[in-house]
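Trainee: Just lifted these from TrEMBL, have a look:
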| type | residues | note |
| --- | --- | --- |
| BINDING | Cys105, His147, His151 | Fe cation binding site |
| ACT_SITE | Glu148 | active site |
Amino acid sequence: MVLKVITYPNKNLFMKSKPVENFDENLHKFLDDLYDTMRAYDGIGISAIQVDKPIRAMLVLIPRQSQELDENGEFIAEQFKEDLLEIINPQFIELEGEQICKEGCLSVPDFYEDVKRAKSIKLKFFDRFGKEQILSADGLKAVCIQHEYDHLEGHLFIEKIGYTKRKKFDKDYKAKIKELKAKSEN
Ligand code: QAP
Ligand code: CO
């Protein structure tokens, strides 16, 4: 079931999410709905607060490209796979280096900007069954996990862009909301 995604400036996006306590059927149903929602909106990451549920859970779905080779190592085909991560009650163990990546957010539609984050991370979290997991990541996967972690803390990526870019964003976003409101009233 696809859930409704709340968008900026909805103030619930600035709430700190609470740890998950029960790894039960209700949680599993919710995670499945969160997945349907991420897919429906074409996201690579989503956190529970974005569907107005302030619990410390996120999904990350990063595409992975690999080459299918035959027994002689000759190229057969390009394969496109993706790894789904269900991350509950995460805690960073390591944050190292720096990288800059253009980010977007389902809760800030049609806006993309460069954000500086750690290059590689090590994370402790729980899966949907309450089993503890350890994960190392870099590149886009590390960026996405840090972006979603910020949601759990009540932060958005627009808080991490420079002052001038933020001012321009505020102006453009307000104008866009006004325009959408005028359209819906016609
Ligand atoms: C966070 O964001 C992220 O504006 C996940 O119209 C983004 O999936 C981490 C999206 C980039 C790392 C790099 C945004 C879809 C999806 C939009 C998303 C839109 C439709 C954002
Ligand atoms: Co986001």
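Placement of Cβ uses the backbone N, Cα and C atoms for every residue, glycine included.
All TrEMBL annotations are machine predictions without curation.
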Trainee: Have a look around His151 (Fe cation binding site) and count the other CB atoms within 10 A of its CB, chains all included.
Mentor: 25
Trainee: Note the Cβ centroid of Cys105, His147, His151, the recorded Fe cation site, then list each other residue of that chain whose Cβ lies within 8 Å of it, in sequence.
Mentor: Gly45, Ser47, Gln50, Glu103, Leu106, Ser107, Glu148, Asp150, Leu156, Phe157
Trainee: Cα distance, Glu148 (active site) to Cys105 (Fe cation binding site), nearest Å?
Mentor: 9
